[in-house]
Amino acid sequence: MMCKGVAVMRRRSDSWLNATQILKVAGFDKPQRTRVLEREVQKGEHEKVQGGYGKYQGTWIPLERGLSLAKQYNCDHILKPIIEFQPAAKSPPLAPKHLAAGAAPKPARRAPPPESASAVNTRSSRKQVADVVAPVVEQEPLSPQASEDGTMTPSPSESSSSSRTPSPIHSPQPSHVSLATDTLSTASGRRKTRPAASTPVDVAMSGDELPSKANGIEDRRPYGDQMLEYFISDSNDVPPLLLRPPPDYDPNMAIDDDGHTPLHWACAMGRIRIVKTLLSLGADIFKVNKSGQTALMRSVMFANNYDVRKFPELYELLHRSTLNIDNYNRTLFHHIVDVAMSKGKVHASRYYMETVLGRLSEYPRELADIINFQDEDGETALTMAARCRSKRLVKILIDHGADPKIVNNDGKSTEDYILEDERFRSSPAPPSRTQSMSFRNTHPAYHTPHPPLNSLAGTNGSLPLHYSVAAQRASTRCTNDMAIMLDSLAASFDQELHDKERDMAQAHALLTNIQQEILDSQRTVTNLKVQADKLPTAKQKLHDMKDELHARMGMRYRLGWEKWLKEEETREKDIRDAAAPSQAEDISDLLLLHEDIPTDEGALHQACESLRRELSQYKKRRIELFDELVNFQAEADTSERMTDYRRLIGIGCNKPPGEVDSVLGLLLEASALL
């Protein structure tokens, strides 16, 4: 049924509905559909279909769950006809065109007029590229795959997931198939899956129409067509166009509809010789395609560089573009982790990540700026690694400064995804729908009869494990491969154990040094505490000595003040008796002072107030000077060196040390005359 331009289908065998099509009718775009499928749909009973025609692909769910999903997003009234549809008991008859297909032979096609060799080559090249690009079908995103190191548990919906980019070495297809089916993607490489297009690629690489200069005929096709046809061919040699580039050749031109340059293709396919040749011709490593992806980003989106083990050498050539981001705010680390979401690509992702982080560890500031960068969905490389359940990638990123507390647009952080995985692993796994159907449909009457055991016995009387020769060969080959893999795993375990023991020895040495420093610090603190306990007693003693010195000097100067005051009162008394001429000279200053005393009562009062203020200021100043004198005297008397100075001066002057202060003025006057 067509609904809002979407072909909505209901499966005849079990009446299941396509959840992807329901969400399309509800108006969700691709990222929103992905999040709804991961959060709500794929947690229950479902079946993922990939491959084949695009309208049959997606996530299929039971009719009741599909009805609840349609009601949840207010589109059940639109889908009511297909939900309430009651199919007939018999299948509908075949269309008339199918019945008459074998009776009416097709008329023979008229032979086309001959064309020139260059026109044939150009049209053939464009047809081949079109055939490669044609089978592009957008599918639902793959469920996060389990890590191949055995540290994570895959979800139940992952059994039907397929690899997005088949490896050119571990796949029966040629090395260029993975790039031919993926590299020409118009998307950013985010959650796009392309079906294997073996037939068009095989036609494109048949070898009869490859570019060449056969019979001395010069290739006059556009440079972009020549480079594109070279990359989808089997040739590993440097093309003549790069060995002898014409003057008008631009190494940064786009050679396909997605804006990929020859450098993008060479990096994605792991052709290190072509990369070096293009760079020598002036290729720009910062040149991006229509999705904003650099050649370095394209190189980590496929497993080709992992298969040939040339990525460290390639990264040294392209590392200056590490900090670039694409049109979706994705960094190089996002694309590396995105590879791990494809089945069989976890080792390639770890290989790329360890190479890049090992190189960027020399630049911690730049690494801190890029490793926690969020894309338009709020995802960091660490949250993506946690979502695809790869503990090794998570550990590598955290060891290099990735923040596990950053949340994405769904409000989930790395810690949340790890906790969800732990809960999933601790819960019992429900039986799969395929197994339940197989048990339900099994009947003893339909069992295939097994051959008798004596017919399976070998020539030596032993019982073989498999009946067919092909199965026995496959079993032997798998056993050998498994033995090799186990040996490799054991070697990796030994190496990791050796590294851990070395780290433990270093940690023990560091712990011993820290404990010794702690003991030294404790001894120092104990000594300081002992000295600090004596400090209050010393402060109190100093305070008492200052008080005693202040009292003694106060008494000394008070007696002098009282003596001077009596003398002045005596002189004041003598002012009244000024008849004697001999006394007039002695009290002349007092007479002058009395002459300045006003006779008016108001003026006298003002003079008294002025004298009181001056007297108060002089008293305050005298107290300050007295305190300074006490301090100076305390420093002078309590210093052992001052005592030594007095003893030394006394020896030079033939005076006892106690009389040095009395003759100090005379000594200073005598030294001034010298």
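Every residue gets a Cβ built from N, Cα and C, even glycine.
What TrEMBL says about this one:
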type	residues	note
COILED	608-635	coiled coil
COMPBIAS	96-106	compositional bias 'Low complexity'
COMPBIAS	142-153	compositional bias 'Polar residues'
COMPBIAS	154-172	compositional bias 'Low complexity'
COMPBIAS	173-188	compositional bias 'Polar residues'
DOMAIN	1-94	domain 'HTH APSES-type'
REGION	93-219	region 'Disordered'
REPEAT	258-290	repeat 'ANK'
REPEAT	377-409	repeat 'ANK'
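Across the repeat 'ANK' (258-290), the prediction's mean pLDDT works out to 92. Taking DSSP states H, G and I as helix and E and B as strand, the repeat 'ANK' (377-409) has 16 helix, 1 strand, 16 coil. Counting residues of the domain 'HTH APSES-type' (1-94) by DSSP class, helix then strand then coil, yields 36 helix, 14 strand, 44 coil.
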